[in-house]
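Take a look at the structure below.
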Amino acid sequence: MDALHTTGIHFAEVLQAGPPCLEKFWISVTSLADPKCVFTICFPLAYFLDRKVGVSVLWIGLVSEWLNVVLKWFLFGERPFWWVHESGLTRKELVTLRQFAVSCETGPGDPSGHCMITGAALWPLVTALTALASRHSRSLVVKLSPFGAYTLLLLAVGLSRIFVLAHFPHQVVGGILAGAALGWGLQGHTPATRTMGFFMAAALALLLGSLALHSLVIAAGIDIDW
């Protein structure tokens with residue numbers, strides 16, 4: 001893992017050595033792609049366009065947020081900003097990295113929540129836009145443009161997380177793949193016709209499930225707050 005982490009640090013160095021004008025861009029991307037934006041921006045917009053799509057975005061965002069936390073408890077994952085000092089790499093070679101206000105994130109880092117939750121929650125919106133484009137145009141470029149934008153967005157989010165030293169590249173790739181798989185797998189199981197009672201029960205089940213898993217991990221002697 002040390003070799004993988006070291007390669008990730010060097011990749012972050014290359015990103016940070018890019019044109020200074022890109023610094024504000026990467027920081028803006030990592031801020032705008034915060035998972036909370038799924039609930040405060042993406043869900044309302046999707047719901048306004050189509051109720052079922054909106055509920056799907058909200059539901060998948062909720063499940064992926066929960067699953068991301070659980071995965072981090074079991075996969076752990078170092079954060080580049082902390083690892084580069086704790087590993088002793090800075091004593092072995094010259095490392096040229098900059099710190100930003102959003103660099104010092106604590107807690108496990110694998111997989112990337114920004115990539116996983118955004119990738120999962122936006123999947124139903126992207127497929128809906130693709131279907132809409134297919135109905136109004138025969139152009140392959142127009143039909144594929146929603147997924148093209150989706151891919152570019154996730155790539156930009158992933159690079160921004162590496163740029164600010166919040167994640168290693170492999171954590172970003174894992175987050176993107178997990179998010180796309182979750183979005184694809186859950187889209188067909190959106191409880192759009194369920195009552196409010198179902199959603200309250202689901203929220204309670206997720207809460208109790210996370211508390212139970214947390215207790216089991218602690219009982220097993222694993223310090224998830226390391």
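Each residue's number is its place along the chain shown, starting with 1.
Even glycines carry a Cβ here, placed using N, Cα and C.
Note that the coordinates shown come from a computational prediction; the quantities given were computed from them, not determined experimentally.
Marked as domain 'Phosphatidic acid phosphatase type 2/haloperoxidase' by TrEMBL: 53-187. Across all of the domain 'Phosphatidic acid phosphatase type 2/haloperoxidase' (53-187), the predicted model scores a mean pLDDT of 90.
Annotation comment: TrEMBL describes 56-76 (among others) as transmembrane segment.
What TrEMBL lists as transmembrane segment is 116-133 (among others).
As annotated by TrEMBL, transmembrane segment applies to 140-162 (among others).
Annotated transmembrane segment per TrEMBL: 168-186 (among others), in sequence order. Remote same-chain partners of the transmembrane segment (168-186), defined as residues 6 or more beyond its termini with a Cβ less than 8 Å from a stretch Cβ, comprise 4-5, 7-8, 11, 56, 59-60, 63-64, 67-68, 71, 77-78, 80, 109-124, 154, 158-159, 161-162.
For the transmembrane segment (198-222), the residues of the chain that approach it from at least six positions outside its boundaries are 62-63, 66, 69-70, 73-74, 191, judged by C-beta separation under 8 angstroms. As annotated by TrEMBL, transmembrane segment applies to 198-222 (among others).
Remark: secondary structure over the domain 'Phosphatidic acid phosphatase type 2/haloperoxidase' (53-187) totals 101 helix, 0 strand, 34 coil, with classes taken from DSSP.
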